Amino acid sequence: MQIKTFHFMKNLNKNISFLSYKYLGSSLILLQSTPRKLRAFCAKLKMAANNLCSLLVGTILVIAAIHFNGINALSSNYYDQTCPMAESAVTNAVKKAMLNDRTVPAALLRMQFHDCFIRGCDGSVLLNSTTNNQAEKDGPPNISLHAFYVIDNAKKALEAMCPGTVSCADIVALAARDAVVLSGGPNWAVPKGRKDGRVSKASETRQLPAPTSNISQLQQSFSQRGLSMEDLVALSGGHTLGFAHCSSFQNRIHNFATTQDVDPSLHQSFATSLRSVCPMHNTVRQAGANLDSTPTIFDNRYYKLLLEGKSIFTSDQALLTNPTTKTLVEKFGNSRDEFEKAFVESMIKMSSIGGGQEVRLNCRVVN
């Protein structure tokens with residue numbers, strides 16, 4: 001049985017908690033072992049420690065059994081035998097789409113986030129609405145999601161190669177990684193083996209963090225999904241790619257407060273430029289602003305601009321209102337390497353939130 005890493009501390013007098021049960025990033029770091037080996041270790045300890053060790057081992061083995069039987073264990077080599085060209089098929093679909101539309105990477109990265117925050121990373125964001133159900137993609141926060149055709153094209157290619165094998169949820173995770181890599185960002189091994197969900201409700205999209213969220217709301221939303229403050233700041237760096245419509249930041253540039261029309265945390269000239277493209281009674285549906293000055297390049301520019309008062313969303317600015325998150329913003333703004341390292345760990349962690357039950361044949365409908 002595979003179980004999560006255990007760190008055995010030899011000196012029980014200094015630290016009786018000799019067994020730690022943890023994540024590294026979000027990926028599962030697994031120790032190859034067996035109940036017999038673990039109990040043999042316990043047998044070597046003195047009686048009191050032996051009893052404690054046996055109790056803890058038994059508890060952890062139950063947790064491990066629940067974890068690996070109750071949800072899907074992910075693995076970076078999940079398709080090595082069943083569909084060895086799976087990742088190439090997804091990469092090709094993303095590359096082809098990018099030739100005609102440079103907004104595709106930002107769309108795919110956002111799609112992954114919106115999928116994982118509702119019912120886990122189960123591809124539920126891909127499902128179409130039906131006569132009796134309005135699906136997630138038609139919920140207010142998801143109306144502007146696009147590039148679903150990229151997932152469809154990848155799925156079509158994969159069904160021709162390996163029928164009924166690669167889940168739509170895995171395609172979304174792989175496409176998000178490719179979106180980052182093809183935009184000049186870091187590469188990483190994507191854990192695979194997700195299953196596709198059968199439920200998708202537009203009403204549940206209200207659980208997504210809003211662009212108007214304050215730091216307390218953001219922290220609560222991430223914490224409910226097992227994500228930390230560092231994950232919050234690192235994943236917010238995904239705003240290095242993309243575009244925002246006026247409606248998502250209108251609250252900062254018009255009627256901000258009773259005595260202030262504009263959010264005072266905004267750099268004055270930047271606020272003026274935003275107001276020029278998004279006037280009070282804007283009628284241009286596609287009007288808006290890039291999320292940073294290099295919207296098609298994955299870099300740490302987002303953090304630099306945030307520190308200069310040139311962020312777009314209230315939720316971006318909120319990262320500077322908490323000492324912990326502000327320190328991380330400064331850290332990532334000063335070091336692209338530190339940002340990319342943290343981003344990769346947080347992406348793996350977020351994308352490992354499970355929830356599905358099947359492998360769809362068509363990503364838009366349940367089997």
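Residue numbers in this text run from 1 along the chain shown.
A Cβ is built for glycine as well, from the same backbone N, Cα and C atoms used for every other residue.
Annotations in TrEMBL come from automatic prediction, not curation.
From the candidate list Thr165, Thr205, Thr212, Thr240, the residue TrEMBL records in the Ca(2+) 2 site shared with Asp292, Thr294, Asp299 is Thr240. Between Cys162 and the candidates Cys83, Cys116, Cys121, Cys246, TrEMBL records a disulfide bond only with Cys83. When the candidates Cys168, Cys246, Cys278 are compared with TrEMBL, only one is recorded as disulfide-bonded to Cys363, and it is Cys168. Candidate disulfide-bonded residues: Cys83, Cys116, Cys168, Cys363. Fewest other C-beta atoms within 10 angstroms, Cys83.
Within the same chain, residues 27-28, 72-76, 78-79, 86, 114, 117-125, 127, 129, 133-142, 167-170, 173-174, 221-222, 244, 248-249, 251, 312-315, 318-319, 321-322, 325, 348, 351-352, 354-360, 363, 366 sit at least 6 positions outside the region 'Disordered' (191-215) and bring their C-beta atoms closer than 8 Å to a C-beta of that stretch. Annotation: no recorded positions among Cys83, His239, Thr240, Cys278, Asp299 have CA atoms within 10 angstroms of the CA of Ser124 (Ca(2+) 1 binding site). Report note: the Ca(2+) 2 site is defined by Thr240, Asp292, Thr294, Asp299, and the residues of the same chain whose CB lies within 8 Å of the CB centroid of those residues, excluding them, are Leu241, Leu291, Ser293, Pro295, Ile297, Phe298, Asn300, Arg301, Tyr302.
Asp122 (Ca(2+) 1 binding site) has Cys116, Cys168 nearby among the recorded positions Cys83, Cys116, Cys162, Cys168, His239, Cys278, counting only those with a Cα within 10 angstroms of its own Cα.
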